[in-house]
């Protein structure tokens, strides 16, 4: 069987990399010939999880058509979040938990998406449906993905299925998920050593919102005031990146993983700022707004913005 590559979105997080690894194992057990790769380097949080459960970071690829004819996607489907030459290969499988947007294929494919907190939760269901045993290290990396995406089950994206998956995967992996989860999240909050340019690209995704192209980046911290000491530098870097890449607006969501609130920095024209205010009921003051209880880009940021821009 010809080889297929499995990967998550650009600027990969723990779900994108962890689920790619786990899905590659799953598919190889079913006779496929797959390799998990990544569209960017593993971040600090993901590196912590990989080391904890004995995995090497997947190799990074910029293109895929030079290697394979077919690919499998996890944790994304939108083309602007995927590999740049995706239109030159066949997508055979997708496992996701996001909205479906700008996605089309010539041939039928396997597509499974559910409104749960993490793609690894969907994969956990697939393991159970087929009565497949999950190795301890695979369980550990899937557990890490769910903890990361749901902020240790505190995110509003969290479902009962996510909670059940975490309980079961933690037992298989042999860890206390609450203790390990806090260690994992804290591993991803050390932003002091990174430049503002790195931080606004670390976990950033592009979205089509009505007629606007938006870039929405997110960083997790335990000290928001410390992060905001670099506010002017963040805004300057966002402005530069928006102009260079043709983004109509750029949002940086600084999320406190301990109290589940976010501070937003925003670059955009007056129309976009007005739509932001309409979407969240908050006026931007000096390009900044406080969004209490908002932690999920997928569920709490993109949907209200989409509705507001399309109204």
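Including glycine, each Cβ sits where the backbone N, Cα and C put it.
Using a 10 Å radius centred on the Cβ of residue 75 (Mn(2+) 1 binding site) and all shown protein chains, the other Cβ atoms total 29. According to Swiss-Prot, the Mn(2+) 1 binding site annotation covers 9, 13, 75.
According to Swiss-Prot, the feature Mn(2+) 2 binding site maps to 15, 75, 97, 149. The Cβ of residue 97 (Mn(2+) 2 binding site) lies under 8 Å from the Cβ of 75, 113, 114, 115, 116, 117, 118, 119, 121, 122, 298, each of these being in the same chain and 6 or more residues away along the sequence.
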Seminar exercise, completed: Residues sitting within 8 A of the centre of the 15, 75, 97, 149 CB atoms (Mn(2+) 2 site), not counting those, run 8, 13, 16, 19, 74, 96, 98, 117, 118, 119, 120, 145
Exercise. Which one, from the binding-site residues 13, 15, has the smallest tally of other C-beta atoms lying within 10 Å of its C-beta?
Worked result: 13
For this session: Starting from the Mn(2+) 1 site formed by 9, 13, 75, give every other residue of that chain whose CB sits within 8 Å of the mean position of their CB atoms, in sequence order.
Result: 8, 11, 12, 15, 16, 17, 74, 76, 81, 119
Problem set entry | Number of other Cβ atoms within 10 Å of the Cβ of residue 149 (Mn(2+) 2 binding site) across all protein chains | 28
